[in-house]
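Student: According to TrEMBL, the protein has these features:
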| type | residues | note |
| --- | --- | --- |
| COMPBIAS | 1-10 | compositional bias 'Basic residues' |
| REGION | 1-21 | region 'Disordered' |
| COMPBIAS | 11-21 | compositional bias 'Basic and acidic residues' |
| BINDING | ASN358, ILE359, CYS444, SER445, ASP446, GLY447, TRP448, ASP449, ARG450 | substrate binding site |
| ACT_SITE | CYS444 | active site, phosphocysteine intermediate |
| COILED | 669-696 | coiled coil |
| REGION | 759-781 | region 'Disordered' |
| COMPBIAS | 771-781 | compositional bias 'Basic and acidic residues' |
Amino acid sequence: MAMPRNRRATSLRDSDTRLADSDKIDGAGSWDALEWTKIDQPVSRPVPHGLSDFLYEAEEVVAEGYGVLVNTDEAGTLFVTNFRLLFLSEGSRDIIALGTIPLATIEKFNKIIIKQPSGPRQSEKTPTRRLLQVTGKDMRIMIFSFRPRTKQRRAVFEALLRCARPVRLWDMYTFSSGPSRFSNGSPRVRLVNEYLRLLGMESHHIDISMIEDGSFETSNDWWRISNINANYEMCATYPHSLLLPKSIRDDDVLQACKFRARCRLPAISWCDARTGAVLARSSQPLVGLMMNMRSNADENLVGALCTQLSGGKGGRRKLYIADARPRKNALANGAMGGGSESSSNYFQSEIVFFGIDNIHAMRESLVRLRDYLDTHGTKSSDGMSSFLRHGGSTWGGGNLSSMSASVSTLGDSGWLIHIQNVLAGSAWIAARVAMESASVLVHCSDGWDRTTQLVALASLLLDPYYRTIRGFQALVEKDWLAFGHPFSDRAGMPNLSGSGLDLPRQSSSTNFPSSPIRQAPGSFTSQSPASSQPQTSNNYSPIFLQWVDCISQLLRIYPFAFEFSSAFLVDFLDCMISCRFGNFLCNSEKEREQYAVSEACGCLWMYLEDLRASGGRTHVHYNLFYDPSKHDGPLLPPAAALAPTLWPQFHLRWSCPSEAQTGEVEAQCRIMVEQISELQKAKDMAERKAREMLSTMEAIKVEIRNEKQASSSAMKLARKANRENDVIKRAIQSLGCRIQVSGNDDCTIDIESNLLGDLPQRITSSPSTRETADSNEEKRDLSISVTVTPDNNDDVPGNPILRVCESLCPLRTREGGCKWPDAGCAQLESQFVGLRANYDAFDRLSIYDGYFQPE
């Protein structure tokens, strides 16, 4: 599981609460080099303050002890919290991943005492080693060594008994941490939305209120969504909503469920909205010991799965009934009332047996595989027998005979054979649906283990949507959670059995593996009688782990078909097994809803989504090679491709970490993708700056164009003003005035004395300002205002105004009169010289009067 994201790089080296020097181990190079310091009384010490940087929310330390992780010969402090067993290295003061395991991931733990033979010169008292063995459900076996007579092993062991074996479901860590920021939505709504997608009705939207009041039902031409199990009265382990044939009434459904084990009647898990072919699932029929019991309602319901063939072919499609069990096991179930169908009783059907072993065979196979990996791994828990751990480069010891024995041991585990059987069965089902457009009904005994494996894996092969991250979530929630895979029983977690919430402590059905306690000749081992009661019962089995392993094999065969990577599958499994979140608690949807698990606990899907959001599309959960266009239809692997191998990222990550690392090509590709991402970011930034510069240049061009237009307008106005000034200047000079303009815009006008005589005069001059509207910029232009104010008596002889009139006005007579009757004398004012006519006199003229008098 990923470490806490808010962990700070705070060192515990300087903590005041470190273990005393007398409590530490003197050496940890190998088992033979370990020397122990005798301490009469255990030392009580508080939890180091710096440890809080490594803890999750609501995680509390229960006990601690100082020891050595034998797998790596590393000394450190072992803490037991309410969530996990946490090993902190003495040297690096950091968490050691191999020695840190969630409590729910621990399958069992035992105290072991190893006695060493005494030498001829040693005392009669034989030295012993006090060990704690921890076996995990995630393929690791750990051995911790503790100093004798310190009672630290006892403190850790008793804390594990209290915390790793919760009697009630509510004692688990996930209820203490609460939903936090990883709150869960409604699984009911997500299930119905997936049904709508399968029916080709994605545009429909529902809410939780429509589901709770039972008012929501919809259908297409063949199938309908039924709420007949809304209160879980028909079947306690089926979901609240079922996808059923449209032609079957609810009354017939209630009759049909009685003919199937645990009332798990045939229900549709996946359908092709284009062709009408379906994948259906159920439990075994109750045909009895003589295989002669029948049910018309069940036969009609199964027959309804064979709808009419599309495309004008006519007739009804064929039905395959796939029994996941070996034939002999199916017949043996007849003694308990179960059994298998007869093809003569079901319309156009064929019965096929896949021969997949039961949950007990899977559990024993995984134990043997784990023992094999621990024996030959570089991090072997015994520290002696592994050739790889002592510098070897090959499995089995480096010679041909040893390699043959090693491969034989791996084959004897049977794990890869079981994986191949599940893959082959799922591929066969997918081929029947895709190539023949047939419908398939899958079942085993109870219909929640092997049935779920086959149906979910066949759906993954048929539907590209399930090969995306969001589709994978929908597939798990539909076929595994909603259809009642008993996760509590199979993963060894507390359940809600009986009226109380107690988990009975049952004994283990498997023997203690031999690999962790193999010793050199002359030594002998004894198991302490005070061993833990295993938390797993006889119903424990790695069924879900096996299914995810099958997906990892498909991911290896089709590297372009899946959006998620192998790292995503590993993190997903770790979260599920650790029970840090509530999605996979309990045995059915009914139990999770009855005790509001979704509201009380965090959501695994939200946690994984938050991890991906932190890294974007380059996150390790995304498959770098994903190309949906290459595999936009069903995946139908050939039989030759179904040759499974070990899943390195999961099986070998603890025993051989170097082998579990991502392949060299993928690692280089991921580095290149990150570099391309950085270059793409730099390119986007440069393009953004270029766009900003272009936008700025365009704005400057517009301003320059406006300035040019304003300048042109100003030039025109200036030229016009110059022309006007020239006219005025000539007019003034014609009066005998002399104009002088200085550099500071001051204007001086001199008038000849013979023109003005003694006439009072006022001459003013000032510079003016002209403003252009386009550019809003002031343009200074020289304009002159000259005003000559004569006396009120215009008849004064020698009046210069009259002379002006005589020289400028063409209507002036030689005698000094004016041809314009009653006209005033001409005046020069405001840069204008004109006549001041008496228009009133003009209006009084009659038609007989002449305006201009003859000369």
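Cβ atoms are placed via backbone N, Cα and C, with glycine included.
Any idea what these are sitting next to in the structure?
Tutor: In sequence order, ARG325, ASN329, SER445, ASP449, ARG450 are the residues near ASN358 (substrate binding site), counting only same-chain partners six or more apart with C-beta under 8 A.
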Student: The coiled coil (669-696): which same-chain residues, six or more beyond its ends, come within Cβ distance under 8 Å?
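Tutor: Same-chain contacts beyond the flanks: 616-618, 620, 624-625, 662.
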Student: Around the recorded substrate site, report the further residues of that chain (criterion: Cβ within 8 Å of the mean position of the Cβ atoms of ASN358, ILE359, CYS444, SER445, ASP446, GLY447, TRP448, ASP449, ARG450; site residues excluded), sequence-ordered.
Tutor: ALA324, THR451
Student: How many neighbouring Cβ atoms, not counting its own, are there within 10 Å of the Cβ of CYS444 (substrate binding site)?
Tutor: 28
Student: Are there any residues in the same chain, six or more apart in sequence, whose C-beta is under 8 angstroms from the C-beta of TRP448 (substrate binding site), and if so which?
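Tutor: Once residues fewer than 6 apart are set aside, TRP448 (substrate binding site) is near THR237, ARG264, SER283, PHE483, GLY484, HIS485, PRO486.
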Student: Give me the count of other Cβ atoms within 10 A of the Cβ belonging to ASP446 (substrate binding site).
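Tutor: Here the count is 20.
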Student: Taking the residues ASN358, ILE359, CYS444, SER445, ASP446, GLY447, TRP448, ASP449, ARG450 listed for substrate, what is the greatest CA to CA distance in Å, to the nearest whole number?
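Tutor: The two farthest binding residues have Cα atoms 12 Å apart.
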